[in-house]
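**Q** One structure is given below, represented as structure tokens, and several questions about it will come after.
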């Protein structure tokens with residue numbers, strides 16, 4: 001089922017929770033709404049579900065205007081963060097509940113309801129637990145029951161509101177892989193809300209990055225991570241560093257020295273340089289580079305993260321190096337240069353990047 005959100009505005013009192021939001025979700029797509037608290041992602045999900053009504057704008061399911069329809073009329077499957085299972089019902093009865101309470105004209109036979117519930121429990125790998133109660137299940141098992149219950153009604157759209165937020169890290173990782181497999185097998189149009197960027201990038205076909213009630217960027221995980229279109233997206237997705245720089249005569253300067261990167265034909269003036277900790281190369285000497293004193297070093301999985309003080313009260317930057325390369329750098333001065341970076345002109349969060357580069361394009365010169 002295709003879902004189209006057109007020019008949606010939602011106000012709570014005088015507070016604009018969403019402002020002119022438009023989004024096309026393809027049939028069978030798994031899409032993530034990602035953003036910090038207060039970005040509007042949960043409000044958008046609730047509007048699609050019919051749990052809230054838009055102040056302005058329209059929501060289409062296929063070619064049909066669903067804006068005035070109830071939750072039941074929209075045929076939505078909803079999975080919440082805290083399961084919302086019926087404690088007094090068995091696993092099988094929880095899964096079958098949505099079918100059992102349908103109006104008589106639309107209700108399948110008891111045999112068909114049981115068959116579908118059993119099939120879904122097999123799909124979510126809970127066969128044999130039909131007679132257990134929620135209190136007898138682990139958190140991961142309860143969330144699987146909640147998903148099976150949502151799918152039992154054969155929903156037009158499946159909505160997941162931070163479904164793994166209450167689970168520990170290892171269980172979340174396992175369920176993410178499992179949910180992607182389930183989606184690929186069933187083909188439901190699925191929208192899920194998360195503040196966990198790793199979860200969004202791993203699971204989704206496309207990611208919708210939201211901030212302050214607006215959509216900042218929509219794209220595949222690769223597009224979002226590798227080609228962020230605004231300072232907000234660059235800073236929110238993954239780890240990043242930003243430096244105040246100056247463009248002068250086609251070169252990029254930090255403080256009082258060029259750093260070995262070209263600014264192309266951009267006019268002179270102030271800008272911000274963004275780069276990721278792993279997108280750097282070390283430089284012998286420092287003719288046209290950045291340099292800083294190592295103030296902290298910590299091991300993170302297969303890399304070592306070094307915190308560098310660039311001086312002049314500038315916020316520290318962080319770079320990542322292989323542990324063996326970083327072993328000799330403790331408390332020493334490191335010269336480096338970004339290998340992949342973006343420039344944004346100062347004064348506009350929405351402005352497109354001035355320059356996007358994947359390698360330094362100006363040889364180091366001078367001292």
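Including glycine, each Cβ sits where the backbone N, Cα and C put it.
Pulled these features from Swiss-Prot for this protein:
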type: DOMAIN; residues: 3-237; note: domain 'ABC transporter'
type: BINDING; residues: 35, 36, 37, 38, 39, 40, 41, 42; note: ATP binding site
**Q** As a test of reading the model: what is the averaged pLDDT for the domain 'ABC transporter' (3-237)?
**A** 92
**Q** Which one of these binding-site residues has the most other Cβ atoms within 10 Å of its own Cβ: 37, 39, 42?
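**A** Result for the most crowded candidate: 39.
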**Q** Suppose we draw a 10 Å sphere around the Cβ of residue 40 (ATP binding site). How many other Cβ atoms does it contain, all chains included?
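**A** By my count, 23.
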**Q** Looking only at Cβ atoms, how many others are within 10 Å of the one on residue 38 (ATP binding site)?
**A** 13
**Q** Out of 35, 36, which of these binding-site residues shows the lowest number of other CB atoms within 10 Å of its CB?
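**A** Among the binding-site residues 35, 36, the sparsest Cβ neighbourhood within 10 Å belongs to 36.
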**Q** Taking the centroid of the Cβ atoms of 35, 36, 37, 38, 39, 40, 41, 42 (ATP site), which other same-chain residues have Cβ within 8 Å of it?
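**A** What remains near the Cβ centre is 43, 195, 210, 211.
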